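Copied over from TrEMBL, here are the features:
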type     : residues : note
TRANSMEM : 6-31     : transmembrane segment
TRANSMEM : 83-102   : transmembrane segment
TRANSMEM : 122-141  : transmembrane segment
TRANSMEM : 161-180  : transmembrane segment
Amino acid sequence: MVATCLHLAGFICSFIGWIGVIVATSTNDWVVTCGYTITTCRKMDELGSKGLWADCVMATGLYHCKPLVDILILPGYVQACRALMIAASVLGLPAIFLLITVLPCIRMGHEPGAAKYRRSQLGGILIILLAMCGVVATIWFPVCAHRETTIMSFGYSLYTGWIGSVLCLFGGCVIVCCSGDAQTFGENRFYYASGSSSPTHAKSAHV
(Lines of atoms letter the chains of each structure in order from A; the text may use other names.)
(Lines give C-alpha, C1' and ligand atoms only; values in the text may rest on other atoms or scores of the structure.)
Protein backbone atom coordinates (compact mmCIF):
# COMPACT_ATOMS: atom_id res chain seq x y z
CA MET A 1 0.00 0.00 0.00
CA VAL A 2 2.79 2.41 0.88
CA ALA A 3 4.66 1.58 -2.33
CA THR A 4 1.48 2.19 -4.36
CA CYS A 5 0.96 5.59 -2.72
CA LEU A 6 4.57 6.53 -3.38
CA HIS A 7 4.22 5.49 -7.01
CA LEU A 8 1.10 7.62 -7.41
CA ALA A 9 2.82 10.58 -5.73
CA GLY A 10 5.82 10.20 -8.02
CA PHE A 11 3.56 10.05 -11.08
CA ILE A 12 1.62 13.17 -10.07
CA CYS A 13 4.80 15.14 -9.37
CA SER A 14 6.30 14.00 -12.66
CA PHE A 15 3.22 14.95 -14.67
CA ILE A 16 2.93 18.42 -13.10
CA GLY A 17 6.66 18.96 -13.55
CA TRP A 18 6.49 17.94 -17.21
CA ILE A 19 3.71 20.48 -17.83
CA GLY A 20 5.90 23.12 -16.16
CA VAL A 21 8.82 22.24 -18.46
CA ILE A 22 6.56 22.57 -21.52
CA VAL A 23 5.32 25.98 -20.34
CA ALA A 24 8.90 27.16 -19.76
CA THR A 25 9.94 25.91 -23.20
CA SER A 26 7.13 27.66 -25.04
CA THR A 27 7.34 31.08 -23.31
CA ASN A 28 9.97 33.81 -23.52
CA ASP A 29 10.00 35.50 -20.12
CA TRP A 30 13.20 33.80 -18.91
CA VAL A 31 15.24 36.80 -17.77
CA VAL A 32 14.48 40.53 -17.45
CA THR A 33 17.33 42.71 -18.68
CA CYS A 34 18.01 46.37 -17.93
CA GLY A 35 21.10 48.56 -17.87
CA TYR A 36 19.66 50.96 -15.25
CA THR A 37 16.84 50.67 -12.73
CA ILE A 38 13.65 49.01 -13.86
CA THR A 39 11.70 52.30 -13.64
CA THR A 40 14.29 54.13 -15.73
CA CYS A 41 14.48 51.37 -18.32
CA ARG A 42 10.70 51.26 -18.60
CA LYS A 43 10.55 55.02 -19.23
CA MET A 44 13.33 54.73 -21.82
CA ASP A 45 11.75 51.65 -23.43
CA GLU A 46 14.86 49.64 -22.62
CA LEU A 47 13.38 47.09 -20.26
CA GLY A 48 13.87 43.78 -22.02
CA SER A 49 12.77 40.19 -21.65
CA LYS A 50 14.91 37.44 -23.10
CA GLY A 51 13.92 33.86 -23.83
CA LEU A 52 14.68 30.91 -26.04
CA TRP A 53 12.63 32.08 -29.00
CA ALA A 54 12.46 35.88 -28.88
CA ASP A 55 13.90 39.07 -27.41
CA CYS A 56 11.14 41.35 -26.13
CA VAL A 57 10.88 45.00 -25.06
CA MET A 58 8.49 45.87 -22.25
CA ALA A 59 7.31 49.46 -21.95
CA THR A 60 4.15 51.22 -20.77
CA GLY A 61 1.33 49.75 -22.81
CA LEU A 62 3.76 47.98 -25.16
CA TYR A 63 5.15 44.48 -25.38
CA HIS A 64 7.07 43.94 -28.58
CA CYS A 65 9.02 40.79 -29.39
CA LYS A 66 11.62 40.09 -32.04
CA PRO A 67 11.70 36.37 -32.95
CA LEU A 68 15.10 34.71 -32.90
CA VAL A 69 14.84 32.96 -36.24
CA ASP A 70 18.36 33.27 -37.64
CA ILE A 71 19.99 30.15 -36.21
CA LEU A 72 23.39 30.91 -37.76
CA ILE A 73 23.95 34.04 -35.65
CA LEU A 74 22.35 32.83 -32.42
CA PRO A 75 24.66 32.38 -29.42
CA GLY A 76 25.61 28.78 -28.80
CA TYR A 77 24.02 28.68 -25.34
CA VAL A 78 20.61 29.68 -26.74
CA GLN A 79 20.71 26.85 -29.28
CA ALA A 80 21.92 24.36 -26.68
CA CYS A 81 19.21 25.37 -24.19
CA ARG A 82 16.59 25.11 -26.92
CA ALA A 83 17.73 21.58 -27.71
CA LEU A 84 17.74 20.57 -24.04
CA MET A 85 14.26 21.93 -23.35
CA ILE A 86 12.81 20.39 -26.51
CA ALA A 87 14.40 17.06 -25.58
CA ALA A 88 12.92 17.34 -22.09
CA SER A 89 9.46 18.06 -23.47
CA VAL A 90 9.63 15.15 -25.93
CA LEU A 91 10.97 12.68 -23.34
CA GLY A 92 7.93 13.37 -21.22
CA LEU A 93 5.57 11.79 -23.78
CA PRO A 94 6.81 8.18 -23.60
CA ALA A 95 7.64 8.55 -19.90
CA ILE A 96 4.13 9.62 -18.90
CA PHE A 97 2.59 6.98 -21.18
CA LEU A 98 4.67 4.23 -19.56
CA LEU A 99 3.79 5.43 -16.07
CA ILE A 100 0.08 5.58 -16.89
CA THR A 101 0.11 1.93 -18.03
CA VAL A 102 1.51 0.78 -14.68
CA LEU A 103 -0.92 2.65 -12.44
CA PRO A 104 -2.75 0.36 -9.98
CA CYS A 105 -6.10 1.05 -11.67
CA ILE A 106 -4.80 0.01 -15.12
CA ARG A 107 -4.71 -3.67 -16.12
CA MET A 108 -3.54 -4.92 -19.51
CA GLY A 109 -4.79 -8.51 -19.59
CA HIS A 110 -2.93 -11.14 -17.56
CA GLU A 111 0.32 -9.24 -17.59
CA PRO A 112 3.04 -10.37 -15.15
CA GLY A 113 4.11 -7.94 -12.49
CA ALA A 114 7.70 -8.05 -13.74
CA ALA A 115 6.66 -6.41 -17.03
CA LYS A 116 4.86 -3.59 -15.23
CA TYR A 117 7.85 -3.16 -12.94
CA ARG A 118 10.23 -2.83 -15.92
CA ARG A 119 7.97 -0.24 -17.55
CA SER A 120 7.77 1.67 -14.29
CA GLN A 121 11.55 1.74 -13.98
CA LEU A 122 12.00 2.83 -17.60
CA GLY A 123 9.43 5.58 -17.17
CA GLY A 124 11.14 6.79 -14.00
CA ILE A 125 14.54 6.87 -15.71
CA LEU A 126 13.11 8.89 -18.61
CA ILE A 127 11.60 11.34 -16.13
CA ILE A 128 14.99 11.75 -14.42
CA LEU A 129 16.66 12.38 -17.81
CA LEU A 130 13.93 14.93 -18.56
CA ALA A 131 14.62 16.66 -15.26
CA MET A 132 18.37 16.78 -15.86
CA CYS A 133 17.87 18.40 -19.27
CA GLY A 134 15.61 21.00 -17.69
CA VAL A 135 17.97 21.70 -14.79
CA VAL A 136 20.99 22.19 -17.08
CA ALA A 137 19.09 24.48 -19.46
CA THR A 138 17.48 26.65 -16.78
CA ILE A 139 20.81 27.19 -15.03
CA TRP A 140 22.96 27.57 -18.12
CA PHE A 141 20.73 30.17 -19.82
CA PRO A 142 20.73 32.91 -17.13
CA VAL A 143 24.45 32.46 -16.45
CA CYS A 144 25.37 32.97 -20.11
CA ALA A 145 22.77 35.71 -20.64
CA HIS A 146 24.30 37.65 -17.73
CA ARG A 147 27.61 37.74 -19.60
CA GLU A 148 25.94 39.50 -22.55
CA THR A 149 23.76 41.99 -20.71
CA THR A 150 22.71 43.08 -17.23
CA ILE A 151 20.03 40.86 -15.71
CA MET A 152 17.70 42.62 -13.28
CA SER A 153 15.55 39.63 -12.37
CA PHE A 154 14.42 36.19 -13.45
CA GLY A 155 11.16 35.81 -15.36
CA TYR A 156 8.25 33.50 -14.66
CA SER A 157 9.32 31.13 -17.45
CA LEU A 158 12.61 30.43 -15.69
CA TYR A 159 10.90 29.87 -12.34
CA THR A 160 8.41 27.54 -14.05
CA GLY A 161 11.28 25.60 -15.60
CA TRP A 162 13.08 25.30 -12.26
CA ILE A 163 9.99 24.13 -10.40
CA GLY A 164 9.02 21.72 -13.17
CA SER A 165 12.51 20.21 -13.35
CA VAL A 166 12.72 19.75 -9.59
CA LEU A 167 9.29 18.11 -9.47
CA CYS A 168 10.30 15.74 -12.28
CA LEU A 169 13.57 14.90 -10.54
CA PHE A 170 11.76 14.20 -7.28
CA GLY A 171 8.99 12.20 -8.96
CA GLY A 172 11.43 10.17 -11.06
CA CYS A 173 13.57 9.30 -8.04
CA VAL A 174 10.51 8.23 -6.06
CA ILE A 175 9.33 6.01 -8.91
CA VAL A 176 12.72 4.39 -9.45
CA CYS A 177 13.75 3.97 -5.81
CA CYS A 178 10.64 3.88 -3.63
CA SER A 179 7.68 2.45 -5.57
CA GLY A 180 8.37 -1.20 -4.80
CA ASP A 181 9.70 -4.18 -6.72
CA ALA A 182 8.29 -6.73 -9.14
CA GLN A 183 6.39 -8.45 -6.33
CA THR A 184 4.66 -5.18 -5.50
CA PHE A 185 3.35 -4.99 -9.06
CA GLY A 186 1.70 -8.39 -8.70
CA GLU A 187 4.18 -10.99 -9.91
CA ASN A 188 3.96 -13.22 -6.85
CA ARG A 189 0.32 -12.76 -5.86
CA PHE A 190 -1.61 -16.01 -5.57
CA TYR A 191 -5.06 -17.18 -4.70
CA TYR A 192 -6.38 -20.62 -3.72
CA ALA A 193 -8.33 -22.35 -6.45
CA SER A 194 -11.92 -23.07 -5.43
CA GLY A 195 -13.02 -26.70 -5.11
CA SER A 196 -9.53 -28.16 -5.04
CA SER A 197 -7.76 -29.51 -2.00
CA SER A 198 -4.84 -31.07 -3.84
CA PRO A 199 -1.47 -29.56 -2.91
CA THR A 200 -0.51 -29.52 -6.57
CA HIS A 201 -3.46 -27.29 -7.38
CA ALA A 202 -3.48 -25.22 -4.23
CA LYS A 203 -1.94 -22.12 -5.76
CA SER A 204 -2.55 -20.31 -9.01
CA ALA A 205 -0.86 -17.16 -10.32
CA HIS A 206 -2.97 -14.07 -9.96
CA VAL A 207 -1.83 -10.80 -11.57
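Even glycines carry a Cβ here, placed using N, Cα and C.
Because TrEMBL annotations are produced automatically, they should be read as predictions rather than curated entries.
Take the transmembrane segment (161-180) and the stretches 6-31, 83-102, 122-141: counting Cβ pairs under 8 Å, 6-31 has the most.
Listed by sequence, the residues of this chain that lie at least six past the ends of the transmembrane segment (83-102) yet keep a Cβ under 8 A from its Cβ atoms are 7, 11, 14-15, 18, 21-22, 24-25, 52, 108, 116-117, 119-120, 122-124, 126-127, 129-131, 133-134, 136-137, 140, 161, 165, 168, 175, 185.
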